[in-house]
Amino acid sequence: MTQQPFQLPHFYLPHPARLNPHLDEARAHSTTWAREMGMLEGSGVWEQSDLEAHDYGLLCAYTHPDCDGPALSLITDWYVWVFFFDDHFLEKYKRSQDRLAGKAHLDRLPLFMPLDDAAGMPEPRNPVEAGLADLWTRTVPAMSADWRRRFAVATEHLLNESMWELSNINEGRVANPVEYIEMRRKVGGAPWSAGLVEYATAEVPAAVAGTRPLRVLMETFSDAVHLRNDLFSYQREVEDEGELSNGVLVLETFFGCTTQEAADLVNDVLTSRLHQFEHTAFTEVPAVALEKGLTPLEVAAVGAYTKGLQDWQSGGHEWHMRSSRYMNKGERPLAGWQALTGPGTSAADVGALLADAVAQRARSYTYVPFQKVGPSVIPDIRMPYPLELSPALDGARRHLSEWCREMGILSEGVWDEDKLESCDLPLCAAGLDPDATQDQLDLASGWLAFGTYGDDYYPLVYGHRRDLAAARLTTTRLSDCMPLDGEPVPPPGNAMERSLIDLWVRTTAGMTPEERRPLKKAVDDMTEAWLWELSNQIQNRVPDPVDYLEMRRATFGSDLTLGLCRAGHGPAVPPEVYRSGPVRSLENAAIDYACLLNDVFSYQKEIEYEGEIHNAVLVVQNFFGVDYPAALGVVQDLMNQRMRQFEHVVAHELPVVYDDFQLSEEARTVMRGYVTDLQNWMAGILNWHRNVPRYKAEYLAGRTHGFLPDRIPAPPVPRSSPALTH
């Protein structure tokens, strides 16, 4: 290779890499095993020399340093299998663009991961099936049914990405920085690798496996693995192979900076993700363990798993430093007094740990709120879909005003009549569902009022008091206001509870308990996300862009409104269609577009008048160290990319989903209607932001911000209140 395009930056390495002493055993075993499975000579994919050059034994010995010999051999076999699968799929299906054969191949693989031991397996037809059958049989006896289910799903997702890659069109475009980080997470194998970390260390208890803190651990783990790889592989991928999916190239292109500056910035992002990992491990994981009532042994299991992910990070770095596959010479030198030598001193890099990393970590906590920023700048926002409004709009406005007064929303010191009118939530609802009847529009307006009021209430009432405990109590009680099957409902103690009980009864009257469940989860996710925002507010912690975007979808209440859209679809569309990658991609593109749109319009309101830190423009400013115009450019581009992604999924990916799931014409009609619903949703939200006073500079300048005079917010109601049956 030619001269390196940049010097490697100082890496944040708080944990030394360690090598498993059973390395040679794993190397020898994996070679024998691969030959027995038919992966080597005669496979048309690998020879033994290929396997030896890859040296997956060394990778696994570094990333799983503490497990015993048989466990390391099994884990190494899993990595041999997954890399062989990838190369096998490339040779057999990608090169020939044979979708039908590729899909048939993928459809059989779940048959070799039965959740029930008695289910049996078909006879393997190729080395991929033979390897999976053998590995599953050797692995699952030691693990619980919950782990089997999670690992089977993670494996299916990892394999199915090959199918979507085969179907997608390579647009030849360098991604937006925030979009890129999220994209790498989607196509990576982090949940799969994390499952094997559980096998090597300790299984995560089912009670917390699906919680946000454990998800964040896995996602920050994933981001750090991918960004580290981008730094080491830039020269090979970008200069030698012409690859566009590299984080250094993404930042270099988008910010117009030098390659060295982009590499340093990628390392800042990598360091931030590791800080997020540590922050979650030290603050959110203990809290959720306490909340879920984990036993000491279960807490120890979560700790061992967390340490296992840290070991994977350290070992993965050491692997990159030693592999001939990567650019790994010339890390930027330290000052003489800082340069330590000897075994294990990479983790004692004083410069990295006490200078750059500390300054970078502090950036998230040193933001000064209530800065004067002036009116929000509204850039060119692309909207290809026409606006339609429900003719029931005027009636909904009158009804919402009366309903809010009845519920007590206008008498708690957060909203008054003027503030409600400035929101004009029926205008938003009328655009979201232009075909709505009067009753439907009244109900939709009520849901928007509940969500918007709660979003204002939590930071104002609990944030100023720094009272996270009271906020958690409120969140728990709100969940209790949504019974699935006749459970007792607490007597309402404030306007939020009163309005939610009313909305729940009116919305779910004709639903079964199973139909109510996703709606309840959507509301729970939204109120839990308000707690996340509140926790950051109390700590004065500006989140990083990826974590922010993930949580913003929940705080915006998007799943709630989309769930109401889907509720009338009936059984024609199977649930797995909604869970498919393209449909989730479609929904997330629309959701992100709307959330970012809100942040652009609300920038002055939130930053200058409310001291808010949860705004995408501010998050990008803080994270990348750029000014308002540059950050606004990133957010504007991300919005427009999300719209293009939405259009791409509709045109190219949904037809493939319809065929893959063999949907009936009725189901296809329902899905086309759902796409129209999403188009109306985006057009209606843009129209609402453009026309309501809530975000306009002249309205903001004339308002009282904070608690309204003469109105006292209702205190939280004790948990022990007698219940009512509703």
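Using the three backbone atoms N, Cα and C, a Cβ is placed for every residue, glycine included.
According to Swiss-Prot:
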type: REGION; residues: 2-354; note: region 'Germacradienol/germacrene D synthase'
type: BINDING; residues: Asp86, Glu91, Asn267, Thr271, Gln276, Asp455, Asn598, Ser602, Glu606; note: Mg(2+) binding site
type: MOTIF; residues: 86-91; note: motif 'DDXXD motif 1'
type: REGION; residues: 355-726; note: region 'Geosmin synthase'
type: MOTIF; residues: 455-459; note: motif 'DDXXD motif 2'
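Distribution of Swiss-Prot features across the structure.
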residue : record              : contacts (Cβ under 8 Å, 6+ apart)
Asn267  : Mg(2+) binding site : Pro9, His10, Phe11, Leu227, Leu231
Gln276  : Mg(2+) binding site : Val216, Thr220, Asp544, Asp547
Asn598  : Mg(2+) binding site : Phe556, Ile685, His689
Glu606  : Mg(2+) binding site : Asp599, Glu612, His614, Asn615, Leu618
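Residues 412, 414-415, 471, 474, 496, 530-531, 533-534, 537, 555, 557, 610, 612, 713 of the same chain sit 6 or more residues outside the motif 'DDXXD motif 2' (455-459) yet have a Cβ under 8 Å from a Cβ within it. Here the motif 'DDXXD motif 2' (455-459) has, by DSSP, the following mix of helix, strand and coil residues: 5 helix, 0 strand, 0 coil. Residue counts of the motif 'DDXXD motif 1' (86-91) by helix, strand and coil are 6 helix, 0 strand, 0 coil (DSSP-based).
Under the three-state DSSP scheme, Asn598 (Mg(2+) binding site) falls in the helix class. Other Cβ atoms within 10 Å of the Cβ of Asp86 (Mg(2+) binding site) number 18 in total over all chains.
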